[in-house]
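Listed in Swiss-Prot for this protein:
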REPEAT    60-81  repeat 'LRR 1'
REGION    60-360  region 'Required for interaction with PJA2'
REPEAT    84-105  repeat 'LRR 2'
REPEAT    108-129  repeat 'LRR 3'
REPEAT    132-153  repeat 'LRR 4'
REPEAT    155-176  repeat 'LRR 5'
REPEAT    178-199  repeat 'LRR 6'
REPEAT    201-222  repeat 'LRR 7'
REPEAT    224-246  repeat 'LRR 8'
REPEAT    270-292  repeat 'LRR 10'
REPEAT    293-314  repeat 'LRR 11'
REPEAT    316-337  repeat 'LRR 12'
REPEAT    339-360  repeat 'LRR 13'
DOMAIN    399-645  domain 'Roc'
MOD_RES   K597  N6-acetyllysine
Amino acid sequence: MAGQDSGNLKTVRLWRDAALRARKLRSNLRQLTLSCPGAGGDPLESPDAPQLVLPANIGDIEVLNLGNNGLEDVPEGLGSALGSLRVLVLRRNRFARLPPAVAELGHHLTELDVSHNRLTILGAEVVSALRELRKLNLSHNQLPALPAQLGALAHLEELDVSFNRLAHLPDSFSCLNHLRTLDVDHNQLTAFPQQLLQLAALEELDVSSNRLRGLPEDISALRALKILWLSGAELGTLPRGFCELASLESLMLDNNGLQALPDEFSRLQRLKMLNLSSNLFEEFPAALLPLAGLEELYLSRNQLTSVPSLIAGLGRLLTLWLDNNRIRYLPDSIVELTGLEELVLQGNQIAVLPDNFGQLSRVGLWKIKDNPLIQPPYEVCMKGIPYIAAYQKELAHSQPAVQPRLKLLLMGHKAAGKTLLRHCLTEDKVEGGQGGGDKEKSYLPFPPLGSKGIEVTSWTADASRGLRFIVYDLAGDESYEVIQPFFLSPGALYVLVVNLATYEPRCFPTTVGSFLHRVGARVPHAVVCIVGTHADLCGERELEEKCLDIHRQIALQEKNDAEGLSHLAKVVDEALARDFELRSASPHAAYYGVSDKNLRRRKAHFQYLLNHRLQILSPVLPVSCRDPLQLQRLRDKLLSVAEHREIFPNLHRVLPRSWQVLEELHFQPPQAQRLWLSWWDSARLGLQAGLTEDRLQSALSYLHESGKLLYFEDSPALKEHVFHNLTRLIDILNVFFQRDASLLLHKLLLGTNGEGEGEGESFPTIAVPSPGQDPLRATQLHHYVEGFLLHGLLPAHIIRLLLKPHVQAQQDLQLLLELLEKMGLCYCLNKPKGKPLNGSAAWYKFPCYVQNEVPHAEAWINGTNLAGQSFVAEQLQIEYSFPFTFPPGLFARYSVQINSHVVHRSDGKFQIFAYRGKVPVVVSYRPAKGVLQPDTLSIASHASLPNIWTAWQAITPLVEELNVLLQEWPGLHYTVHILCSKCLKRGSPNPHAFPGELLSQPRPEGVAEIICPKNGSERVNVALVYPPTPTVISPCSKKNVGEKHRNQ
């Protein structure tokens, strides 16, 4: 069912919970719950049935709960000992038929729950005796049929026979005149049971997940029906008689084959909730428009292309789901639905939202991603309705402005030729010789160019149309991998540069394949152009063969990835086709114990990955920077792709003129040269742009979201500052990620001598102190450089020396370090509490520089080695596997993110040892050892079994932090597993892995142990697989620079 629980009016979503609550034992009755010692294990696996003995003097007990005991029979003397019993719970046992002793209770028993057993037959005599029964739950059994005697239960009001094997219902069902609630979902019915048409008192009916294929015309006889579930019933049409169900309030028709509704459907005037998701509607059903009382409407996953303007007539609508259709625009009248609280539009083709959209101010659940939005821009829409309102208000205040500007990223292996290609593309040819100043170098010959890190260039590609590219030259050196993902953003054009002169087919995975996986994981559906450089160094035949090989291997990689994902999606489908009880019966089953909801979420993710493959332009474009014709051909290609509106809608986005002016003012002298501005400095610029203070916030937020500047409104340390000079920030990042000891030492020596302005000089390859310098000081600085490159450690005052050309004051340094922490690049080892940083006191750790493979030995002293605890403690280990690609820099950034959660940490290159309070935790990264092996990242802790909750308490925040980081990679395929504690204790090299989805599910009721499939005789305590409370599966994304800056 589509929708989320929110508010009292979510009727259908709450009906099941309400029914379950109604069936729970009444608190004013005298109750008794009995449990067998050791009961609660898997009832399908345990060989011996437990025995229960009734205590004495229980004659006045009115409610008896014998559930979750693995019983095959009831205790001796049950019938004679309980003369006052009204409610009997026998759920989750092993009964193959109703125990005869239950018949002795028939004259006073009103409620019986025998769900989740092995019933294959009820027994006519026992059923006949239950003449006072009002509620009967037989769900989740193996019943092929029901006895005719069931129809004689004249007082029966609620009956649940869902999740059985019923192919038909007995004729006597028509005699259940008091039946108000009937649940027959997930059975094997092949037609709507005619017997039900006689049940005039029926108010709630669920016949979902049966192959009905049609409904009888006289279904109109069920005039009392208020709630009807027909999900997944293979219905193609509805009879006219259906429209006579005038009492209907909630109707579930999702997952059918409906293409239209009868005109008479509009007679269902009491309808408040309607789910038509996952059908075949191509047009919005006109019969819905007169349903003025409708409060929830779900039309997800259909084929709608438009929404009628008359939808404004549904004035009571609170929830509207229209996601994953083909809707190109919304009617202006939709803004009149001012009571809307949920509006889901993602996965459509909407480019422009109606004016006054901000009137929908009550919308709390808002989903709009995967639409080609240009007005308001995508970044504004993703922030929510208040930001859309501010944008539209500002657009009304000032003239709209369109500024065609596209982000272009040059990626590729080191020495691929990116920097030379950037120069050739962005600079005009000057005939004859070398130009100077603004003049361009000629094509022959080129001096060798090397990258100085990440560089940004503005390129006016077509002055007549004002089309500009912002060109990012991403360094190919591995040391920059941790910051490269920040620049990969939606709406950009990716140019993957390959050196054809050195390319060999065996090098494809490192020079092409890994980059495609990386971009696809970070930016699903991104547009990628493959450019081969140094074409002049290849023969004609060699050039053709290499280009064809790249093309062939790209196609093969895409084919293999898509087939792998399709297979995984099929496995999920097969698991969904099996009953949840069957999946939970055996740990050998795929997706053991995983709920249908989690499986559907998994399937949706696989479908998303399959539907959002990279858009790789072919063929490979060979280019020589010495050939002006080839360069011009590449320019023309890039321009033609950029101007494709369906591929790059953001190129034509419309902004309020005041927002554009504000951006331009930030980059004009004198403020353009500063590293940052205070919020009040930006506010003054806002006034010049015509923005009052209350309208400035939305403008700054948009400029941040779109990557023009950095403004962290959620950060106490940074919210009073605006980082507008991104070029200088990138220069600063380059300083930290040049792993060249000579360059770093040279910068420090310049800094100590006050010669920081020599940044643009050509550095010597070996830093030698000048005669005027103190050799002791030079030695000390060399020691700092060595510590940085080996252990990632730098004190704040040395960082200031490194950044002296950029950092003028202590406040600059403090803000910059706060920014680097927010980016996840470093953390402070000893930040003073309650007072500002003292330059020489604070030390910073850059995890990406740590070289020692494992943490220092002293961290493992005093019994803290997990391996050494195998005989006295149970180990918890959560493992993430990455079959296609491991996000570059993820482990380093993760080690920063968890710093606030841990103490006494010791870092290795691939491992972190630390404590959460007094509980040890270990985070380990294991790179893939071969093409077929995945990269893995695991989080582990240990404790004795009675205290295992402390281990869960230790690792759960770390798991959630990792989940937050992984949200930055929406196209990434990865799996999560809980490793078997017993296997780990045995030292198994290949421990069994329970599905990670169990982390977000509550512990199964009444189950104490789970069998490990790797060793059928070994049982794992349920507390070693399920956390005490479910973890957050999709935590709210934290506002961090890694997510925001990449949207430039």
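Yeah, the Cβs are placed from backbone N, Cα and C, and that goes for glycine too.
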By a simple count, how many Cβ atoms lie within 10 Å of the Cβ of K597 (N6-acetyllysine), its own Cβ left out?
13
Could you tell me how many residues in the repeat 'LRR 10' (270-292) are helical, how many are strand and how many are coil under DSSP?
3 helix, 3 strand, 17 coil
Using DSSP, how many residues of the repeat 'LRR 4' (132-153) fall into helix, strand and coil, respectively?
5 helix, 3 strand, 14 coil
Let me spell it out: take the repeat 'LRR 10' (270-292), skip the flanking residues so only those 6+ beyond its ends count, and list any with a Cβ under 8 Å from a Cβ in it.
1-3, 9-12, 231, 246-264, 298-308, 310-311, 313-316, 321
What mean pLDDT score does the domain 'Roc' (399-645) have in the model?
85
Long-range environment of the repeat 'LRR 12' (316-337) - Cβ separation under 8 angstroms, sequence gap at least 6:
2-3, 7, 9-10, 277, 292-310, 343-357, 359-360, 367
